[in-house]
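Undergrad: Dropping a structure here in structure tokens format, bear with me for questions.
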Amino acid sequence: MKLKYFGTDGVRGVANRDLSPELAFRVGRAGGYVLTRHSQRKRPQVLVSRDTRISGEMLENALVAGLLSVGIEVFRLGVVTTPGVAYLVRAQEADAGVMITASHNPIQYNGIKYFGGDGFKLSDELEYEIEQLLDAEEDILPRPSDDGLGTVEDYREGALKYTSFLEQTISTDLDGLKVVIDGANGATSSFIANLFADVNADFIPLHVSPNGLNTNLNCGSTHPADLQKAVVENQADLGIAFDGDGDRCIAVDNEGNLVDGDKIMYICGKSMEANGRLKKDTVVTTVMSNLGMYKALESHGMKSVKTKVGDRYVVEEMLKNGYNLGGEQSGHIIFLDHNTTGDGMLTALQLLQVVKTSGKSLKELAADVVTYPQELVNITVEDKEAALNNQELKNAIAKVEEKMAGDGRILVRPSGTEPLLRIMAEAPTKELVHAYVSQIADVARQVLPGAK
């Protein structure tokens, strides 16, 4: 089923253009109706939050108006993280939650992300149902009046409740750890001081002064250079970086080396496995995780399961087969025993607890994962699906895989949003990986119509 408005993580686009207040109003009406029609309450309850982007309040007001127009009781959380909304929906037993954010994307973008009453992101089927209402020739949704209209109130206590929940996910005092924490000028910025003071970490805040225009700007999990520099200059034990809506976490060791989501999953998974808490001794990853992580997991008696790219698919696999740890190289990491989606601050606390209790440095803990050099080439093609089924391209991939003899891998997949074929290779050396990916890319350009 092809969706027009919803991507892999909600409705997203350039604010006030692709994602206009008018569209936000309609998404509020349609989404609110679909998610609350079976509610037993006279007025179904929906929590609404946003990140720190300048367009957030504009879109929030439009979305809330749409929710009110179908009779919903709206609780505005203010600026709270995406995983904070997911947690509070369950804690407050609300019918749904909405987060207005474009996550790690640049400031001109924004998005609308729904959560069901169970705290999980919506299924493709529910998103399709909402889209059918958005594209209907006539608006057939209810138009209540008088006491049938929705109401709105602020619920700022939600942030405190979420902070308290996070603190309870670890059992170790973090006293003695010196940590630089980059808030990406995003939704975690107002949480960092209270949270990390309460767990007794010696922390140095970085990029925690949002002004509406600086969210993710040369900071946070996608731009860690400032964090790497600050960790070394302050002689900190490690650094932590979040993204704009707080659902990602990456780390930096005491020498300024990046510790990505793969390594964090390995470190936390190994600790959970040692304590008998890693269900089925398995970590769920996407196909983009590095071969070095799989080898490290295997060498320590752990298993892995791969899904397609997108944290929602990781969560689906975890729920389907009873796993409790999974995530992406980008830093979306799901601890399903605690929350229903990737949670940056939760991940940071779990990682810091492992560092503290192990008595080892982050660099030592991450050393088991020897990252294989990786190279990605994008090829523009006319037909992505036909390209994947091209026999000459399949033969070229098979030849390279034969050369690799298990010590490397090739991943060829279509882009989800652009007319591109993505060719990725991993191998023990940069020279080998470049040779492998070039060999396949050359064949793709020769045999695929319109390839360049």
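Here the Cβ of each residue, glycine as well, is placed from N, Cα and C on the backbone.
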Undergrad: Determine which of S103, S123, S361, S415 appears in Swiss-Prot for the same Mg(2+) site as D243, D245, D247.
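TA: Candidate listed by Swiss-Prot for the same site: S103.
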Undergrad: At the level of the C-alpha atoms, what whole-angstrom distance separates D247 (Mg(2+) binding site) and S103 (active site, phosphoserine intermediate)?
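TA: So the alpha carbons of D247 (Mg(2+) binding site) and S103 (active site, phosphoserine intermediate) sit roughly 8 Å from each other.
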Undergrad: Measure the Cβ-based neighbour count of D245 (Mg(2+) binding site), defined as the other Cβ atoms within 10 Å of its Cβ.
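TA: Neighbour count, Cβ to Cβ under the 10 Å cut-off: 36.
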Undergrad: Starting from the Cβ centroid of S103, D243, D245, D247, which together make up the recorded Mg(2+) site, report each further residue of the same chain whose Cβ lies within 8 Å of that point, ordered by sequence.
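TA: Everything else in range on the chain: D51, T81, T82, T101, H104, G186, A187, F242, G244, G246, R248, G342, G344.
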Undergrad: Express the distance between the Cα positions of S103 (active site, phosphoserine intermediate) and D245 (Mg(2+) binding site) as a whole number of Å.
TA: 5
Undergrad: Using DSSP with the three-state reduction, classify D245 (Mg(2+) binding site) as helix, strand or coil.
TA: coil
